[in-house]
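What TrEMBL annotates here:
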COMPBIAS  1-10  compositional bias 'Basic residues'
REGION    1-26  region 'Disordered'
COMPBIAS  11-20  compositional bias 'Basic and acidic residues'
DOMAIN    39-85  domain 'F-box'
REPEAT    398-440  repeat 'ARM'
REPEAT    439-481  repeat 'ARM'
REPEAT    480-525  repeat 'ARM'
REPEAT    524-559  repeat 'ARM'
Amino acid sequence: MTRTVRRKLAHSKEKNKEIVGSDSDNPDDGCLCSSTICDLDWTALPDDTAIQLFSYLNYRDRASLSATCQTFRLLGSSPCLWDSLDLRYHKFDITTAQLLSSRSKNLQKLWFLGEESADAIISLEARDLCEISGYFCRDITDATLSMIAARHVMLECLQLGPDGCERITSFAIRVIAICCPKLKRLQISGVKVVTGEAINALAKHCRQLVEVAFMESDSVDEFALGNLTSVQFLSLAGTKNSEMEFSYLKVLVALNCPVFEAEVDNHMTYNHKGKILLTVFNDIFKAVGSLFVDITENESNMLSYWRKVKSTDRSMDAIATWIEWIFSHFLLRIAENNPKELDAFWIKQGAALLLDLLQSSQEDVQERAANSIATFVVIDDENATVDAQRAELVLQNGGIRLLLDLARSYREGLQSEAAKAIANLSVDSKVAKAVADIGGINILAGLARSVNRLVAEEAAGGLWNLSVGEEHKGAIAEAGGIKVLVDLIYKWRAGNDGVLERAAGALANLAADDSCSMEIAVAGGVHALVMLARSCKFEGVQEQAARALANLAAHGDNNNDNAAVRQEAGALEALVQLTFSQHEGVR
């Protein structure tokens, strides 16, 4: 196996063990030389300048810098630096929550990942939280969600998705309604049955509720929904029963709703009984364009047009912003399931929609769009196969440059998702060439140095796929990629199989090149690969480590790599032992 792609989202518990406070193994990476840094008195910077610099750091680095001196400790505790907290890419449990509690008094927005993190939110003591967004909370329970609602009565926005929260019932929705009267936005995916009692509780207690999304539910009480008279935006994407009438709604998103989609498929219209109806079977860009009174540009790119226009219509801005958010959510779900009947949708307008969403000002929309691109191009993740036509659409419409721009973001979430999309697209040789030509190899090599394991893993996957092409091997070496890949093996050698497989796979491809193989040996790669072959139990890592050692040894008299492998303690014994593996690739 010489490539890797990852179609499905893979944020498991094991992958979510990033520890706040880790230090980088590359302290000299950056633009300033050591002598220049020594001449600067960073503590003498004006407070507002220092705080601005703090704001560009991730939470781990921000906390580490705050620990260096009293001046930075005071500045690093400024409330404006801790009004939002994105914990999706860090290990977040009760212990971590208690450590962060002193900084979270003024916390307004929180993003978290998984049910363990949900349990820990209560320990943050962030009573003034206004917005909570949970991802991959499939196992979150009514009890946990009810406790979160009861402890955060100022809550205005609650989002749980994109995967279904299968253990949440209407009971928790009722508790949310009673405890959070200021709620304006409620979006929950996967509640099996949303009862009229729960919806009526929202109508009674949450008089400011503007946006509701009950997505991928088996049943939603359509009569009770009519009581949500304050609601302006409603999404029932993926819901099975959807025969409602709402005189007060302007836009209804009904992606993957069989009743509406069947009707639109038959009549090919986007205007459903006087309202704008958005489904995968109608012309979405034309439907969105119909919302604008003055259309002076091509209606096939109306969201981009809206972003450029200095709009004075705040209600129109709210509608367009909501459409971006809801589309990014459900396009990701469609990409994950990848139904055959929607192949034409991706070609006709789905790919264009994703590229448009990459340019959104909403960072979570950008993340989901990048993740969708990484997902929808892959046909078969086992055999690392991508859809050439879809990859070509992304390439021809400027998607590679957009993704590389996002990969330069200081936000680790955008870095990770953009790197994953670039990695998957690079399976296609035309895309790989474009990535290399635009400078993507240097960007990926830089991301592979990240102290965030998920970012490093996706970047290493990109280097692995690019290293297949003979024309890219030298460029990877010139970008310092070989040293980076070897360092990854030492840095993440304990229980991080995804990073190790990708790093070893890239080194295996590079080892086939004579000059790259010598650089691998000089960088300590032989010892690192033997260490993997001897100690790692994950078959994917074993296979790539063995393949890399085989390629190094195959150079014979051309260089000293043959001798380097032969002389490394335990190398031959490890390889002989792997020949007994039950896994064909390892053998």
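Cβ from N, Cα, C; glycine included.
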Whole-number mean of pLDDT values that fall within the repeat 'ARM' (524-559): 84
Summary of DSSP states over the repeat 'ARM' (480-525), given as helix, strand and coil counts: 35 helix, 0 strand, 11 coil
Secondary structure content, the repeat 'ARM' (398-440) (per DSSP, counts of residues): 34 helix, 0 strand, 9 coil
